[in-house]
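Engineer: Below: one structure in structure tokens.
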Amino acid sequence: MVSFEMNDRKKIGLGLTGFGVFFSFLGIIFFFDKGLIAMGNILFFSGVALTIGLKSSLQFFMKRSNYKGTASFGAGFFFVVIGWPILGMILEAYGFIVLFSGFWPTLSVFLQKIPILGWIFQQPFVRSFFDRYRGKRVPV
């Protein structure tokens, strides 16, 4: 059985990932502020690397099936840094969807097990939507 121990490195990584999402959100709210979005990207990348490990992060981003998402996310980050945050965020959003779309089945199972929120996700209409993707879980 896989161990899901939470050591200090993973706690820091999850915190950095959360701050990365928060700063990116703030950057969007403040009319695509390139400084906040760039800071959010750096925190997100470093948080992912600390959470799952550097080797696993490199393997994930350099996997052959993830080249398109990695290139799009990298180009988006480049455009944010040089001062074109709207184009950069569009490219990053596309890259994020391509990279992390394989985690949707795992997320759906997790959402169905949350005590109060899980009841909503177990309703027949929502459950039929989740059951389409259930067999395609991706291990991290």
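Quick reminder: no glycine exception, Cβ is built from N, Cα and C everywhere.
Pulled these features from TrEMBL for this protein:
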TRANSMEM  12-32  transmembrane segment
TRANSMEM  38-58  transmembrane segment
TRANSMEM  70-87  transmembrane segment
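Give me the local environment of each listed feature.
Structural biologist: Here the transmembrane segment (12-32) has Cβ contacts under 8 Å with residues 38-52, 85-86, 89 of the same chain, all six or more residues outside its ends.
Outside the transmembrane segment (38-58) by six or more residues, the chain places 9-10, 12-27, 77, 80-81, 92, 140 with a CB less than 8 A from a CB of the stretch.
Among residues of the same chain six or more beyond the transmembrane segment (70-87), those with a C-beta under 8 A of the stretch's C-beta atoms are 27, 32-34, 37-38, 41, 61-62, 93-96, 98-99.
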